[in-house]
Structure formats: C-alpha cells, structure tokens
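Pulled from TrEMBL:
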{"type": "TRANSMEM", "residues": "A:21-43", "note": "transmembrane segment"}
{"type": "TRANSMEM", "residues": "A:49-70", "note": "transmembrane segment"}
{"type": "TRANSMEM", "residues": "A:90-112", "note": "transmembrane segment"}
{"type": "TRANSMEM", "residues": "A:124-145", "note": "transmembrane segment"}
{"type": "TRANSMEM", "residues": "A:157-178", "note": "transmembrane segment"}
{"type": "TRANSMEM", "residues": "A:184-208", "note": "transmembrane segment"}
{"type": "TRANSMEM", "residues": "A:229-250", "note": "transmembrane segment"}
{"type": "TRANSMEM", "residues": "A:256-275", "note": "transmembrane segment"}
Amino acid sequence: MAVENSLHFERQEAYEWPLAVYLLLGGIGGAFISLSFILHYLFSWSPVGNYGMLIGMGLFALAGLVLIFLDLERPLNAIYSLNNIKTSGISWDVVLIALSFGGAFFYVLPFYVSIPALEGLRLFFGGISAIAGFLFPVISGGLISAPVSVPLWHTPLLPVLFLINSFGVSVSAVPAIFGPGSEILAFIFNLAVFMANLVSLGGFIAFYEHAHNGPVEARYGFHEMWKKFNFQIGFLVVGLLFPLLLSGYMLFTGNFLSWGFGALALAQLIGGFALRNCLLKHGYHTYPWPY
Amino acid sequence: MARYGMVIDLRTCVGCQACSAACATENQTPYWSDKWRTRVLDIEKGEYPNTGRHFVPTICMHCEEPACLTICPSQATFRDENGSILVNYDTCLGCKACMAACPYGARYVYDKNDVAKNREIHGELSQHNVVHIDKCTFCFDRVERGLEPACVATCPAHTRIFGDLDDPNSEVAKLVASGIAKPLRPDLNTKPKVFYIY
C-alpha cells in the first residue's frame with residue numbers, strides 16, 4: 001500500500017457555504033425557468049409561465065449576488081469574469097445566467113406590455129432561457145467536478161446529482177406555489193425525480209466503494225462525509241427519505257395533503273443545501289508528497 | 001525563451017526553512033498568517049523502531065498544463081514567456097477556483113487583513129496592495145536580473161536547483177533527463193516543471 005502511505009489529506013479551503021448557496025439557488029433558478037417554460041408552452045399553464053419565470057429570475061439574481069458579495073474576495077472585479085470563456089466553468093456559469101435571465105425577461109415581458117415585434121420571438125427567447133436554465137446546474141456541477149485536485153468531486157456523477165436535485169426542488173415547488181394542476185402528474189414527476197436522486201446517489205456509492213479502480217483518495221472524503229450528522233439527517237433523511245415516503249404515501253393512498261407539496265419542496269431545499277454544503281466541506285486535497 | 005524548472009533533492013534537505021524565510025522576505029508573503037509561497041513539510045513516518053523524519057519543500061510546480069490557468073475566469077492567471085505561471089493582481093476576482101483546482105496546494109488568499117498588515121510593515125514598498133490569490137512566481141524579477149530565485153540562492157544544502165529545462169547543459173535538464181528527478185503525480189497530466197529526487 002505504498003500509495004496510501006504517501007497520501008496527505010488536507011481539507012480544501014477554497015469553497016465554503018456561500019458557494020453551496022450559490023449552486024443551490026442557481027440550480028433551482030435554472031430548473032424553475034426550464035420547468036415554467038415547458039409547463040406554459042406545452043400545457044398553456046399561464047400563471048406558471050409568468051410568475052414561475054419571475055421566481056426563476058429572482059433566484060438567479062440572488063445566486064449572482066451571493067456569489068459576488070459573499071464568495072468573491074474582490075466583488076468589483078466580477079466584470080472580468082467573462083475573460084476566459086474558452087475554458088473556465090465560472091465564465092460559462094455567468095453566460096448561462098445571463099442567457100437564461102435575459103431570455104426569461106423577454107419571455108415574460110408580453111404578459112405586461114404589448115410588444116407585437118416580440119410575440120414572434122417569444123418561443124425563441126423562452127427556449128434559450130429554458131435550455132440555459134437546464135444547463136446551469138450541469139455546468140456549475142462541472143465547474144466543481146472538473147479539477148483533478150479534489151478526488152471526491154472528480155466524477156461526472158456530480159453534475160447529474162446537482163441537476164436532478166435542482167429539478168427535484170422545482171418540481172415540488174411548482175404545485176406548492178401554483179396549485180397542483182394535475183395532482184397525479186405532479187406526484188409522478190416527484191416520484192420520478194426522487195428515484196433519479198436515489199439512482200445517482202447509488203451511483204455515487206458504487207463509484208467510491210466498488211469500482212475496481214476506486215480512488216482511495218475519493219473514498220476518504222466520501223467516508224468522512226457519510227459519517228457526518230449534517231449529511232445523514234440533512235440530505236439522506238430530510239432531503240431524500242422524507243420526501244420519498246411522503247410522496248409515496250400521498251400517491252398510493254390518494255390522500256393529497258394540503259401541505260404536502262410545500263413540505264416536499266422545503267424538505268428538498270434543505271436536503272439540496274445539505275448535499276452541496278457537505279460535498280464542498282468534505283472535498284479533500286490529496287497532496288502527493290513522496291513520504 | 002527559456003523554460004524554467006526546478007529540481008528539489010529531498011536527500012539533502014535539512015529542514016532549516018531558510019527557503020521559506022528568504023521567499024517571505026523577498027516576496028512579502030504573509031508569514032504572520034502562516035501563508036507561504038514555499039514551505040518545508042516536516043513529515044514523520046513509521047512506528048518505533050522503524051521511524052523516519054523527512055523534509056519536503058513544497059512550491060508551485062509551474063505546470064505545463066496548469067489546472068489553475070484553465071479554470072481562471074478572468075485570465076488573471078497567465079503564463080509568461082519563460083513558461084512560469086503568474087497572477088495579474090489587478091484582474092484577479094478572488095473566486096478561489098484556482099486554489100481548489102491546484103493539486104499541489106500552491107495557492108492561498110492574500111486577504112484584506114494581510115494587505116493591511118503588509119502595508120503596515122513595508123509602507124510604500126508594499127508589493128501587495130490589493131486582495132488576490134497569491135503564489136510562487138519563480139522570482140521572475142530576480143531571474144530577469146540574472147539571479148536565482150530567493151529560495152534557491154539561500155539554500156545551504158544545494159537542495160534546490162533552478163535552471164532552463166530546454167538547455168541540455170543545465171543541471172536541472174541533466175537531472176531530469178537522467179530520470180533521477182521525477183515529477184509528483186504525473187498521472188494527473190498537469191506536467192509539473194518542479195521535479196523531486198527522493
């Protein structure tokens with residue numbers, strides 16, 4: 001075990017809770033915008049098309065503010081964040097937020113002001129906004145998972161987990177805010193998202209525990225995270241198990257509780273933060289010093 | 001143009017920390033916050049009676065494929081004509097992505113407290129007047145003047161050897177070509193230009 005003997009674990013100090021909040025708000029914002037566009041365009045659900053888009057825009061704005069004022073050491077230099085669009089995930093995040101926010105703005109505008117020229121382009125703006133919103137949790141997950149320096153994060157499963165988790169919150173929040181629409185459809189969506197959550201989490205566990213080339217370094221951070229109360233209660237119980245049981249109960253008994261969707265959305269929101277925060281917190285650098 | 005690199009011979013390091021002190025003096029790094037561009041790790045290994053104590057000087061590897069450079073959103077991290085990886089303090093956002101991306105722990109935040117303290121100590125001669133992410137520069141200003149980096153010049157044990165990797169007659173190029181000096185974690189594909197003999 002020469003490799004294991006020469007590994008030096010040191011917790012990363014670059015990303016703290018503000019980045020977890022940014023990832024969560026941005027992810028949910030993007031998912032909200034995508035979902036609102038789909039529900040409006042395919043099911044002509046106008047209140048969602050209007051206010052859902054606005055909520056998504058608000059979440060994006062909030063995410064941007066959190067990143068700039070709580071995470072960046074030099075907020076005013078945020079104007080330089082587009083200098084490296086070729087390779088930087090952060091630059092891409094900024095582009096996606098701008099595209100999604102801008103597209104949503106022009107999509108929502110005709111609800112309030114009649115601009116005939118805009119009518120023909122509405123689908124285009126909505127589509128751009130929805131695609132960029134969908135991509136945001138993927139790219140921001142990619143931003144975290146791309147570097148090889150923190151083995152726990154260095155897996156393509158991370159963007160998938162962020163994407164599914166973001167949509168999980170939004171799928172529950174839409175009926176909680178706007179009424180269930182079709183209750184059965186909403187529940188089926190919820191269950192599908194929960195199952196996807198479970199599958200990705202299972203993929204995570206399999207990756208770290210059973211892969212033949214399973215990185216010893218990544219397993220270290222994973223085990224540390226797994227042991228923590230915040231992860232066990234925050235993500236596994238509140239964010240995953242409780243919504244699964246509640247959703248399953250409501251679907252199979254037909255007893256649609258009035259507070260059900262609100263509780264689902266809130267639980268997943270808490271779980272989403274716990275997941276991101278725990279993942280960031282338990283990212284360990286593995287320094288390769290020879291002794 | 002040169003392609004500067006360094007060889008660190010762990011067999012000779014005595015852990016005197018002179019390199020850290022020289023670097024801190026030369027580059028005004030915030031030693032008061034225990035942040036260093038180069039530091040010497042003191043590693044104890046094994047169980048009695050088979051124990052060992054090892055000194056490992058660490059520094060930015062000035063990689064040829066640096067993870068910190070590709071991830072930087074503002075291109076504040078850049079490569080100079082000699083292949084050294086530098087930071088433009090003026091455009092650095094302080095997003096710390098480079099810190100997270102570096103597999104060798106070579107970067108730290110030169111925060112506002114450090115800037116204030118440095119100004120207090122060095123006054124108008126302060127080299128760090130804005131918050132930024134700081135790292136080793138291979139003392140490019142000294143090298144431009146024909147000097148060696150401060151850590152190399154001050155090392156009493158000739159542990160650090162600096163030179164042009166493209167010059168086949170340089171000591172570093174010979175050590176690397178001989179295979180005795182090896183990069184750490186070559187599997188990460190960052191192609192470090194700092195090599196270790198151990």
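From the backbone N, Cα and C atoms, a Cβ is placed for every residue, glycine too.
Here the listed stretches are A:21-43, A:90-112, A:124-145, A:184-208, A:256-275, and the one with the most C-beta pairs under 8 angstroms to the transmembrane segment (A:229-250) is A:256-275. Contacts between the transmembrane segment (A:256-275) and the transmembrane segment (A:90-112): absent, as fewer than 3 C-beta pairs lie under 8 angstroms at sequence separation of six or more. Beyond the transmembrane segment (A:21-43), the same-chain residues lying 6 or more positions past its ends with a Cβ under 8 Å from any Cβ of the stretch are 49-50, 52-53, 55-60, 62-64, 66-67, 70-71, 93, 96-97, 100, 104, 107, 123, 126-127, 129-137, 140-141, 144, 162-163, 165-167, 169-171, 173-174, 181, 269, 272-273, 276.
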